[in-house]
């Protein structure tokens, strides 16, 4: 079926629909780029051909354009941001070879990555042992600055770049500073692509840290890269163009470690592109964002997107602070350079006392007084500017080292960095005690002890403080994030043109880098989804996501609940969603919650979207049935978000769900774990029996609420078990 609507950006063809960019402005006005969705079937009779209609329409001002017949929406260009060895073992992939899909089936799966491009010379993209490119592949390898079709191979089977939206807003790409091609000059895209589907690389490390064999989650899968992010950001028209092209090229999974501000789905380019991908059977995995631990901070919350938060590994890079008073404090660092600290203690100074600037404590560029920091170790507070830049500022002012202290905003979360000088990061409590010593001792001294790599750190995982949190600000009745995956201190491939800090002053070059963010957790899930697609090629994107969610764990092996590093307490479904991904369990989930495009369309009807708004999103005609009662609580989602009315009024809310058997015949019994005076939970029926594969059984969950204070939350789980497999769903109940 051809699409009902037309999406217009620049003059290029996207997949199955004509596209051109609308740059609307008079000669005296600033030009602005818009994405225009048009209904081809509503072309006025005065036009002989639709291209003439498009060109004429695009010469109008925005307000006039929106009022014309056949114009479904006019969306302004938006700028998106990137969400920036041990993992396979941590996830159990190394011990479960027999249960994993065979390499031949994995090599038929194609992971599309939208990011900053790729460094094709990275060993992570060697194609040794791979057979011919899958026959279903329809993509290409585009040439440009420092990149030719020869840079692709049987592993990196596709590479494209999209810059028309960027150039319409910021002018031509400066090819002296970045490559107008699929080549990655940033490192981020190479890191995410190799995390999802990188080949095995022995003896990988960053300066000896995290040494071992690096590999992507789906090491035999093929990778196709779509460069949409540039020095000036990632623009919505380029992102949507790339998504449509990736769909047309034949990818099976789309990995997108980027995000912007949340908005209604029909105005969200990522949601629009992801809907089209879902209709073609493509799972779209997106990062949840790095705006945690604030509530309502999530990106990419459409229910047809898999939204991934971040947790830690059981690996750390300790670098402790040893004070002149004999006390020691734990920190983390990836520093390894020629200028190591001398064995003796060095003078210690607080940046705020060595600056005339009001924000001197942050070690911003140009704020430190060299005479007051030269030959000393400087304590800098975390925040505002990049952590590694603070170290560069200290080094430029003559400091010998840095202690980076967390403030209230980051608490006890520690993220390791490959600093340009000897430096370590400490939590807020340690930082406060170090500063207390510094202020009270007339001659404070310190040194930093670097201890290499340690594994077996417990508890792990814990939810990263930076990982964005729920509730879902667009649709509170859909629980997001969906799950968490490793996203802290992740080793993966890197671009050869940029140092590990990304700073212009960093002349070091590395093959692998260790960085953190939901940008790192997203490609973990993308690669794991590729493994599930290889094992179960007939599964829909919703079935794959369901398997990943319902088998995720919310407790450690000792039975204690997952923790949140931001609070030091148990994490909640607003932090971890369904829990931490468990790929081995996901391969055989027993039951799944499946969804089709029509189910999502009914969901949009439940949101009271108009026919025009739905058409803008789905890019085809759909009208809600006026005789049918639609409810968001009928969406067959693998989790439950329940919201009682304003002020905590009493109420009854019912959710309906359908489970599909993808395992052996069996009987599943329900277990409800939610203890709260504010709500009672009942499931009907309490037993579901399945006699054959793909058999479906439905059930209803009734939540009966009592009055509770506003802004109260309660959390629990519904689990269906046959004695072997457990199909778990998180519950979040809120009184607003």
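The backbone N, Cα and C atoms fix where each Cβ goes, and this holds for glycine too.
Noted in TrEMBL for the protein shown:
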- 1-22: signal peptide (SIGNAL)
- 115: active site, charge relay system (ACT_SITE)
- 174-189: compositional bias 'Basic and acidic residues' (COMPBIAS)
- 188: active site, charge relay system (ACT_SITE)
- 347-434: domain 'PA' (DOMAIN)
- 519: active site, charge relay system (ACT_SITE)
- 634-733: domain 'Subtilisin-like protease fibronectin type-III' (DOMAIN)
Within the domain 'PA' (347-434), residues counted as helix, strand or coil by DSSP: 27 helix, 22 strand, 39 coil
Other parts of the chain folded back onto the compositional bias 'Basic and acidic residues' (174-189), taken as Cβ under 8 Å at six or more residues beyond its ends: 82, 84, 113, 115-120, 141-147, 151, 159-161, 163, 225-227, 229-231, 257, 494-495, 497-498, 500, 502, 513, 515, 519
Distance [Cα-Cα, Å, rounded] between residue 519 (active site, charge relay system) and residue 115 (active site, charge relay system): 10
Confidence summary (mean pLDDT) of the domain 'Subtilisin-like protease fibronectin type-III' (634-733): 94
Helix, strand and coil totals (DSSP H, G, I; E, B; other) for the compositional bias 'Basic and acidic residues' (174-189): 2 helix, 1 strand, 13 coil
Whole-number Å value for how far residue 188 (active site, charge relay system) lies from residue 115 (active site, charge relay system) (Cα to Cα): 7
Surrounding CB atoms that lie within 10 Å of the CB of residue 115 (active site, charge relay system), all protein chains: 28
All-chain count of other Cβ atoms within 10 Å of residue 519 (active site, charge relay system): 30
Secondary structure content, the domain 'Subtilisin-like protease fibronectin type-III' (634-733) (per DSSP, counts of residues): 1 helix, 62 strand, 37 coil
